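Feature annotations, reproduced from TrEMBL:
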DOMAIN    21-138  domain 'Response regulatory'
MOD_RES   D72  4-aspartylphosphate
Amino acid sequence: MEQTTPAPIETKRAVFSPGGRILVIDDDEAVREAHETLLECMGYEVFSADTGEKALALAEQERWRFDAILADYRLGAGLTGTQTATEISRRAGFAIPTVVLTGDTAVEPILELSSTAFTILHKPADTDELLEILASLSSGERRFRGRSRRQFHIPS
């Protein structure tokens, strides 16, 4: 009788979630709902939109009070995720930490993404890595409540 060695068990790190308010922007309903469910299970209060324009309206309605933004790069017609997050931060008057997900490999989108201060994750993103990044971005004093908001110059 041949003996087989059992496959090693893959262990995952526990991810601490500080909670907070996250804006999810994705035009793919299944992906958006998956992110909503994941983040809600991790204790986040989640707001979502399927276009950049709807995200801007929602952000204004919520008085820009988000600890982080999770945006897909390509949102169909209209603004990209990068343009949307940049405009939300501009209108808010402070930088909201942002993670942009992309499947793009073309030069122009990659150059646009790399010119921002946003965290970029390539699809398919590792769930643990995404949660760790969001936890680090939204940890500590809530950005929208405290006086520690990072201010940046908004050109006229």
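The backbone N, Cα and C atoms fix where each Cβ goes, glycine too.
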Exercise. For D72 (4-aspartylphosphate), which residues in the same chain are close in space, meaning a Cβ under 8 Å from its Cβ, but six or more apart along the sequence?
Worked result: I25, D26, D27, D28, V31, G81, V100, L101, T102
Problem set entry | Whole-number mean of pLDDT values that fall within the domain 'Response regulatory' (21-138) | 93
Exercise. Secondary structure at the residue listed as '4-aspartylphosphate' (DSSP, helix/strand/coil)?
Worked result: strand
